[in-house]
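Everything below concerns the one structure shown next.
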Amino acid sequence: MVHLSAEEKGHINAIWSKVSVDQTGAEALGRLLIVYPWTSRFFDHFGDLSSAKGVMGNAKVQGHGAKVLTSFGDAVKNMDNLKGTFAKLSELHCDKLHVDPENFRLLGNILVICLAEHFGKDFTPEVQAAWQKLVAGVATALAHKYH
């Protein structure tokens, strides 16, 4: 699994404490659906996702994005036990939803992009590296049930 130093954990917590879960979650999920449109097949019940404007203005995308990022907050709280933290979600996404585990990596990378955009100069290369490690760890934990 991922080992994060005390300094890296500090970088992650400093940014996370300023994150708007609703806004950033909606933005990250919306960008995923726009940039990787095949991911929308998991969200057929969300209505029209055929345009960027439709995706970003979709209340269900916004709500689920907030839910996803709230869950990601569990990773921030449990950085030393990502596998255990996401065991049930891994099982759900593997056994019931059949989500391609690559999608977890894609969403994690988009989250890092959103954070970089929101935090600008505070999102230094060191901060980005710490976040990349965390999102990679979360993606691995979510994909655990697939192995």
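Using N, Cα and C of the backbone, Cβ positions are placed for all residues, glycine too.
Copied over from Swiss-Prot:
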type: MOD_RES; residues: Val2; note: N-acetylvaline
type: DOMAIN; residues: 3-147; note: domain 'Globin'
type: MOD_RES; residues: Lys60; note: N6-acetyllysine
type: BINDING; residues: His64, His93; note: heme b binding site
type: MOD_RES; residues: Lys83; note: N6-acetyllysine
type: MOD_RES; residues: Cys94; note: S-nitrosocysteine
type: MOD_RES; residues: Lys145; note: N6-acetyllysine
Problem set entry | Same-chain residues at least 6 apart in sequence whose Cβ lies under 8 Å from Val2 (N-acetylvaline) | Met79, Leu82, Lys133, Leu134, Ala136, Gly137, Thr140
Exercise. Could you give the number of helix, strand and coil residues in the domain 'Globin' (3-147) as assigned by DSSP?
Worked result: 117 helix, 0 strand, 28 coil
Seminar exercise, completed: Cβ contacts within 10 Å for His64 (heme b binding site), all chains included, total 18
